[in-house]
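If you check Swiss-Prot, you get these features:
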- 524-615: domain 'WSC 1' (DOMAIN)
- 627-718: domain 'WSC 2' (DOMAIN)
- Asn4: N-linked glycosylation site (CARBOHYD)
- Asn108: N-linked glycosylation site (CARBOHYD)
- Asn181: N-linked glycosylation site (CARBOHYD)
- Asn264: N-linked glycosylation site (CARBOHYD)
- Asn296: N-linked glycosylation site (CARBOHYD)
- Asn318: N-linked glycosylation site (CARBOHYD)
- Asn474: N-linked glycosylation site (CARBOHYD)
- Asn549: N-linked glycosylation site (CARBOHYD)
- Asn581: N-linked glycosylation site (CARBOHYD)
- Asn629: N-linked glycosylation site (CARBOHYD)
- Asn640: N-linked glycosylation site (CARBOHYD)
- Asn701: N-linked glycosylation site (CARBOHYD)
- 1-24: signal peptide (SIGNAL)
Amino acid sequence: MLINLSAVWAAFALSGVLAPPTWPASIDELEDLMFLNTGYHARGFSAGVTPCSFSQQGPSRVASAEWVRTAFHDMATGNSFTGVGGLDASIVFELGGKGGENIGAGFNTTLETYTPFFSTRSSMADLIALGVYTAVRSCGGPVVQVRTGRIDATARGPIGVPQPENSQGTFINQFTRMGFNVSDMIAVTACGHTMGGVHASNFPQIVVPGSAPNDFQLFDSTVSFDEKVAVDFVGGVAGNPLTSTTAKRSQRDADMKVFTADRNVTIKALADQVTFRSTCARVLQKMIEVVPSGVNLTAPIAPYEVKPGRLQLSLASNGSTIAFTGEIRVRTTSRPVTSISKVELVYKDRTGGSSCGSCIITTEYKGTAEGFDDSFAFYGFEARFPVETAISKFNVRVVLNTGETVVYNNNDEEDDNRLIISQKVRKNANTGSVKLSVTTKTPRSCCVTPALTTQSVPMSPQTTVGPYTLYAGNLTLAAAYRSNAKFDVSLTSGGAVISDSFKNTADLSSTCAPFGSNDPTMPDYTFDGCYTDTPESRALTSAAFVKENMTIAACSSLCKGYQFFGLEYGTECYCGDTRSNSSMQAPKSECNQPCGGDSSETCGAGYRIAIYKDDKWVPITSPQIPGYNYTGCYSDSPSNRTLSGSFTYNEKMTVELCASFCNGTKYFGVEYFSECYCGANMFPGSTIQPESDCGFFFSANKTQHCGGSNRINIYTKLDM
């Protein structure tokens, strides 16, 4: 595997509470997960608890409550006096058998939901903490500040999770061990029990089977995060299963014991909305900050005002130039995107000078993303520099429609407050040793979550291109890991380590070629014609991309795996296996707009798309699953799932793997790259859709389709 060695780095430090962070920082991955819920580059961490009452597991489950409960159970065995235990993801190892102190399927489900986001930069313990913020905000609750830096346990922790049959004195002693006084014990219990409820299958002495819908009794009558649980208790309103006469008979009326521990003083105060929200924000943050001694938490995560992303330095033009690509994310919470005229990078060359002239890199608008409380706009760029001058640092300049200019300098009071970008490895430099490290998620038999396994190999110099030396390293990966592993390239010299880290193996080419090869290659596609196209009825609907430097070859690469690709308006690229019947052929002369990246080529025009066909395309067929027929592409939605039985998410998902997971159910279906659903019945409102709507590929298998956005491929069991 040939690795382009480029390191983009900067020193970082977190300052006071909620101060603007300095990029890059240890929080960067979790900051994205926390704030990019929907839209462009959305991470989707909040999808599992959106809306508040939602659960992939069906109507008797509330994922938001399960996320909060998982954090409490993980933390609850901690000892604030000895510094042992706390929120350290030891719960991963504590779910064997019947669950012990952790009864119910919600813990495994929660950990499985977090697994796709688990990485070297987002520990499982930090994800559990982030889950509390996400679940509470999704349900309309207050902001629970999240500090990061938790270290995952490697074995089960001590016992000591509070159980409903405990006495009031035992509860007080257990919470004292955790670091909570009596008032905070009452508050954190009420804040945790404002969502969710009790399952009869888990606690039949508390909820008698058959006595509640779906054998699931809620703590109060609302699904949102509110003070209702406290209001009901103070007002004597029945409903909370942990204060009921049924629970009292078996001495499992846990909320009654806890709420009355200070003669109702705290629970009465919590019946006030303002008090409830402010108190819950405080005690839930306190809960997720019970950590083992030796763990140093960062300042609370705050959103960047301006955040660079996807930065890459690459040799180009046979080593005569350096290409610099990336994106700038601008926070638009208090400054709408419509007020921004342009975003620019103002840079210095290698020596810190301005021999580049104006030294400005322009950007183009890419899209917007939203979180619970913030919004963001993304601006992409691509620039090239002579290798002799290159680039060393830059500021970000935001120009508003009013003419006002705001310059962001990364909080660096020294060196003109600019981001620092390292040089490439020059052949006259003392390079020291270069190493390639690849991290994969390795399944383990003990737990539902994988382990992170890192393999490292030395890289050796291969050739020189201009003033640079190229290095290569070879490391074998199983096919299942090739599309979702992370890799780092590090240079150690004179005791200092510079690394280009947390890169996706999915971004690498599937084949290696000598750098600067000029061997002619024949394209694998032919021109299919010029066609009409409109935003309301696209000719190709499976995928879409916009690049300012678009070319025919670039669009072909972006649409690899699809039968057709098409170019429009100079910079737009569309993909699909079928062409819409609403798109009519037009004269070739009407597809006359030059491509943004090569003016000698044409890339469609306004409402005209130049379509090409992949000559080596192999039709994607639904695999034959013994005992099942492929039924078709159906509509689906998070609020009314087509199949509402079991669910699993797996980055290695295939049709065969989903069939195995569903284990003989009448229906199973695949959707949205990696999702698998099972069910005995189909939702009546789900309707058959065009096959082109189910044009997504599996994340790790480009030979099978995996539904689409709100579209699911359904397989039906044969009548025997």
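Every residue, even glycine, has its Cβ placed from backbone N, Cα and C.
Quantities reported herein were computed from a predicted structural model and do not represent experimental measurements.
Annotated features taken from Swiss-Prot, shown on the structure.
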residue: Asn108; record: N-linked glycosylation site; DSSP class: helix
residue: Asn181; record: N-linked glycosylation site; DSSP class: coil
residue: Asn264; record: N-linked glycosylation site; DSSP class: coil
residue: Asn296; record: N-linked glycosylation site; DSSP class: coil
residue: Asn318; record: N-linked glycosylation site; DSSP class: helix
residue: Asn474; record: N-linked glycosylation site; DSSP class: coil
residue: Asn581; record: N-linked glycosylation site; DSSP class: coil
residue: Asn629; record: N-linked glycosylation site; DSSP class: strand
residue: Asn640; record: N-linked glycosylation site; DSSP class: coil
residue: Asn701; record: N-linked glycosylation site; DSSP class: strand
Spatial neighbours of Asn549 (N-linked glycosylation site) that are distant in sequence (at least 6 apart) but have CB under 8 A: Glu382, Gly596, Gly597
Minimum Cα separation from Asn108 (N-linked glycosylation site), reported as the residue among glycosylation sites Asn181, Asn474, Asn629, Asn640, Asn701 that achieves it: Asn640
Rounded distance in angstrom between the Cα atoms of Asn640 (N-linked glycosylation site) and Asn629 (N-linked glycosylation site): 23
Those glycosylation sites listed as Asn108, Asn181, Asn264, Asn474, Asn581, and which of them has the most Cβ atoms within 10 Å of its own Cβ: Asn108
Fewest-neighbour residue among glycosylation sites, criterion Cβ within 10 Å, set Asn296, Asn640: Asn296
Candidate glycosylation sites Asn264, Asn474, Asn581, Asn629, Asn701, pick with smallest Cα gap to Asn318 (N-linked glycosylation site): Asn474
Site with most surrounding Cβ atoms, counting all protein chains shown within 10 Å, from the glycosylation sites Asn318, Asn629, Asn701: Asn701
For the domain 'WSC 1' (524-615), the number of residues DSSP places in helix, strand and coil: 10 helix, 39 strand, 43 coil
For the domain 'WSC 2' (627-718), the mean pLDDT of the predicted model: 89
